[in-house]
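One structure is given here, and the rest of the page talks about it.
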Amino acid sequence: MASGGYRNGTQKAQALRTSSSFKSKLPPSVSSNGRRSSTIDAVYGRVRVAVRLRPRNAEELAADADFADCVELQPELKRLKLRKNNWDSDTYEFDEVFTEFASQKRVYEVVAKPVVESVLDGYNGTVMAYGQTGTGKTYTLGRLGDEDVSARGIMVRSMEDILANICLETDSVSVSYLQLYMETIQDLLNPANDNIPIVEDQKTGDVSLPGATVVEVRDQQSFLELLRVGEAHRYAANTKLNTESSRSHAILLVQIKRSVPGREADFSAETDHSSHLTTNYKPPMLRKGKLVLVDLAGSERVNKSGSEGHMLEEAKSINLSLSALGKCINALAENSAHVPVRDSKLTRLLKDSFGGTSRTSLVITVGPSPRHRAETASTILFGQRAMKVENMLKIKEEFDYKSLSKRLEVQVDKLIAENERQQKAFETEVERIRLEAQNHVIEAERNYAEALKEEKMKCQMEYMNSIKKLEEKWSLNQQKPTNNARIDGTSITEMLKLLLVQEVSELKMLLQNEMQTRKAAEEEIYKLKDQLHMLTKPGSAGGNSDILNLQSMLEEEIRQKKRLEEEVIVLRSQFSQLTMEAGQRTSYLDRSRNGTGLPGLDSLSPLRNLHCKDVTNGERSSITNLHEQVGLHKILSLLESEDATVRIHAVKVVANLAAEETNQEKIVEAGGLNSLLMLLSNSVDETIRRIAAGAIANLAMSEANQELIMTQGGIALLAVTAADAEDPQTLRMVAGAIANLCGNDKLQTRLRSEGGIKALLGMVRCRHPDVLSQVARGIANFAKCESRASAQGQKAGRSSLIEDGALTWIVQNSNNEASMIRRHVELALCHLAQHEVNAKDMICGGALWELIRISRDCSRDDIRSLARRTLTSSLTFQAEMRRLRIEL
């Protein structure tokens, strides 16, 4: 090439500078799946290269005093001349040329600041320093400026600009600090992490380091501390060319996430067809930028650096990685089909910086000494080739669904709190209205009681006045007897006489019957005696056995005779007493005709009351020992009587006997259970069905009888009765029987399959407290058995009660005013909650709130502690309570 000629050509360099402007003016777009499209915003931009000349150091001032610098700079023309000899030189043009007097601030503003601004806009950016060892790469890039603020390098100034242009409330900045040493990636913030793998996304081609330490930066001082920690762990050595020669490539990764204000409106305008939720809650736009600052280790020649031993191996590794980087840049500059990216980990890490989607600025540092002209020329040629590499810059935007989710969670929590406040206010208002209504009811009852008392007094006064008037009329009638008075007195007397004659005639009939019976018994006795006399004669044909039979029959007849004589005596005494009373009543009636009054009516009433009382006491005592005196089989046979009254009395006796455990086994052995089930199946009398169901409920208290009831189809009959009956007392008996069966672990499956549970739940239509109490008891027994089976591993899956729809009724009645209903329902809820698989259904059905109320307000300590223990042991309930911010 002729002296003073340009190697890369002025016109071509001008064209490259023109294409280096890469900020996109295209509007943002949204893909069909709601994510930000990154291909429409892509623009081309080549790698920008600046050259910086290091001033002569003390050694060069002494050694090269007689020689001119090998490098001549023309900053106004952005050119550099590299002297071959005193009369010939090569000229190169770069994007920027910095003399040895250029300040750190100017270098940053020209080289790195445009890249930082692009990163803040959502692009990837790379700033890299390349050059011979000892030419000022680390000074340019990583100088901290502790002694001199103006000496701060690109790393420090970049973070200052980033922190100044973001909002820490909505944006975030995180850094990782690494070194590539001997082809291993090491964490400078965590030296123990000394072999970090490189992971490449097969779809996007993005490179990531999942094992690297990531630290979020909130202020400049913490960032400087991180840089100091990293520099302390970086490998360095003393060589002939540099007293602190870096032996590794340092890489600072800065991740920036920024929310884009004003983009929600664009999103809603572009997605008008979406639901109203999307319009009300638009996800904010998020831009992600990555800034990579690379301080490459210096290239060196071993004969000049004097590296030996391990340092020689380090130099080889550095030169190999730099050589691989140069090969990749050559291939990209020549548009080669193959780029050897995988030859080194350095090239894999910088894959996005050269030929990728990153905006890249390269600072090449050179020294003025003619002794190192070859290394300087190699560095300049590296920069010239890098200027030919073009990148396709892509902005990275996406919707911040995580931020939207957090915002919605906060909104939901606020709405929940507001709902709870409104619910509390509503409950308070309901309680106030209830108290007012209760006060009104009490006031109305008081007024009603006072009015009733006044009305009662009024009626009593009117009654007394009427009595006085009647007495006055009667006295007038006595003074002036008339035919009407005689007729009235005669009619009353005749009525009383008829009553007395009827009673006496009945007693006479009984006495005559007893006397006839006695006479027949005496005649039978005489006959038996004659037969005995005939048999005892000598030569009688009868044997001893006949004699013994006749003797026993005779003795039995004698005992019966004595019993009949006693009954005759009793009847005679009753007859004489009644005859005497009849005479007294007759005299009273005779006196009444003469105006003495009717005291016989007063004397008759206590006699009848006494007689009825004795009869009632006798019936009660006889029911207790009736099966011993008459026989249980005879009582059960009366259940099949055609007379409905007899059947009713018989089934009452059986129900009373079944209430005692000692009689239950005897009733079942005698066939009483079959008879009761037949009555329940065939009878149309509601009373008989009610009492029969009660008797079955009593028998169902025994576990042995429960299996017999199930075997003989008892649950199906009870279910049919529950569906047909309307009487609350009948339903109460049926519900009690099914509730007793629900407490048997062995009958759970059959009880449900034969319709027992549905029948139990169907009886809540009655709404009678006694019926609901038995239904609640059955549900509690069934839930307890299910809980026990689940704990023993015999049952899996949801509760049968939940599958049959019982949860809604349970939740509605868990705070019932009736204490018995409330206690059973609370127990049922606690037992259902002990099985984890029921937790989600119970939360959806509102049972969690009732369990919390039970654990706090239940009057019984055992139920309250059971509810608390259940809530604390369930992971699902715990998670839901944490979400609702509820503490026990």
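First residue shown is number 1, and so on along the chain.
A Cβ is built for glycine as well, from the same backbone N, Cα and C atoms used for every other residue.
Range 405-462 is the one annotated as coiled coil, of 115-172, 289-346, 405-462 (source: TrEMBL). Taking TrEMBL as the reference, the stretch among 1-37, 186-222 described by the feature region 'Disordered' is residues 1-37. Counting residues 6+ beyond its ends, the repeat 'ARM' (671-714) has Cβ neighbours under 8 Å at 632, 636, 639-640, 644, 647-648, 651-652, 654-655, 658-659, 661, 664-665, 721, 725, 727, 729-730, 733-734, 736-737, 740-741, 744, 746-747, 750-751, 754 in the same chain. There are 24 other CB atoms within 10 A of the CB of Thr138 (ATP binding site), with all protein chains counted. Of all Cβ atoms in the shown protein chains, 27 besides its own fall within 10 Å of the Cβ of Gly131 (ATP binding site). In the structure as shown, the Cβ atom of Gln132 (ATP binding site) sits within 10 Å of 27 other Cβ atoms.
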